[in-house]
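After the structure tokens below, expect a handful of questions from me.
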Amino acid sequence: MELTEQLVEAGQDHDDQDNEWGDRRVILVGSGDMTRALAPSLLRAHYRPVVATRKPNRARTWMSQEVEVCTLEEGLAQGDLVVVAIPAIHHHTLPKHLFTNKIIVDISNRYPGETQKVSLAEALQEMLPEAQVVKAFNTLSAYVLEREELYCGREVPVCGGTTFARARVMALVRDMGMVPVDKGGLKNARTLEEIPFQFFPEWKVAFIVTGIIFAFFWTIKFFRSQICYNLQKDGDWDWGVFEKLPLSNTQNALAFTGCLLLLLCYIPGMIAAYLQLWRGTKYSRFPGWLDTWLKSRKQLGLLSLLTGCTHGCLAIFLNINWHQAISWTQSIYITCGVLLAAVMTILGVTSLPSVSVKLTWREFSVVQRYLGWISVILLTSHLTFLSILGLMRPLSCYFLLSGPQIMVPVCFLTLMFKIPLVLPCIDSRLTKIRRGYERHNPTDSDNQMPKLIP
């Protein structure tokens, strides 16, 4: 009797294991780079990848022994979750009758320069009407999928199929350590297939702003050092001053471009703080221009670091004379510049995703907040001691301001507007608002005191 019960229990355990592996099986159609990258990733997520290919013998030579390799017919018979990892131009060769009632994950992308009236996923759905096609993983490369430290925590947009099919694929993405983002129906696959061809979309505003600022300061330097110099002197034009255009003018423009970009990282935060204090709530939307500005702060900061470091390298060759004693103002100016470069390097490195994910929220906020404002103070000191004797110099060149005469007042104004926000009475009020408190509105029908919004 006991033996019979043990056999029954063993049979149930075997059935449970088969059911479990049935749910955890993922069929990979194809034996290319994406299959080679996905198979180890699925194993790490405790799934059972099955490689289904027309040439299984060749695929076994590079695939781990933990991965089952078989023919298309054998592989597609083992599960209902299928990843089609072959180029879209070969989709028409798939045996349609073997994909009935399957959940198909399309990871393909079009080739650069190709135009499609419909997305590749929609075309695949038309080829396989008895299956549910879900678009996913097309935003990740094989290189990223091979390295767990690169893809963990990354967002993976998912769209198409029924709600159940999409939920099944999203669970797979989540088990692999990534963050699935539900993008709805299959028509949105057109947007997903455009993502790999986007060219720095988050950097567009920062690049444009940087270019405008650089052109502005370069033009000022050009008029002051080359044009006005020749207009105000007697005699023929001195064409020798134009030899400074490539190096001297460029490093000068880079210096003030980096300074202004650094300030532009922290000015929008102050504007947002004053808006919240004025409105008495954090639940009112910022104007569109301010929202875009806030979202571009990281890119502006990294470009500030780039331009500042480039300026520093050029300045070493242009402005330092090792055979001449330097004054105390020059010593402070150089010291502040070196410290500023060090602090900005820390800020830039900690803003990188691969570094920021390793920091706690408190560590990240302290570094970005306090070191950020320390960098503004160092910047102000650096510029002030650079031009301490020239700030009050009468305007020349047809009243055209110099770079320090523009930037030093902007630095001090930025610090002046920051000081009220750090006063305890204002800081505590701003903290309450950011925690959910709303100021009582006299026009409301109720007479409640400020309340905490859950």
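Just so it is clear, glycine is given a Cβ too, placed from its N, Cα and C backbone atoms.
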Looking at 132-152, 300-320, which stretch does TrEMBL describe as transmembrane segment?
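The range carrying the transmembrane segment annotation in TrEMBL is 300-320.
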Six or more residues beyond either end and a Cβ under 8 Å away: which residues meet both conditions relative to the transmembrane segment (253-275)?
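Residues packing against the transmembrane segment (253-275) from afar: 209-210, 213-214, 217-218, 221, 284, 286, 290, 293-294, 297, 300-301, 303-308, 310-311, 314-315, 344, 372-373, 375-376, 379, 383, 403, 406-407, 410-411, 414, 417-418, 421, 430.
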Taking a Cβ cut-off under 8 Å, which residues six or more beyond the ends of the transmembrane segment (300-320) line up next to it in the same chain?
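Residues 206-207, 209-210, 214, 247-248, 250-251, 254-255, 257-259, 261-262, 264-265, 337, 340-341, 344-345, 347-348, 351 contact the transmembrane segment (300-320) from elsewhere in the chain.
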What same-chain residues lie close to the transmembrane segment (205-223): Cβ under 8 Å, and 6 or more beyond its ends?
245, 248-250, 252-254, 256-257, 260-261, 264, 292-293, 296, 299-300, 303, 307, 397, 400-403, 406
Average the pLDDT scores across the domain 'Ferric oxidoreductase' (255-378) and report the rounded value.
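Average per-residue pLDDT within the domain 'Ferric oxidoreductase' (255-378): 86.
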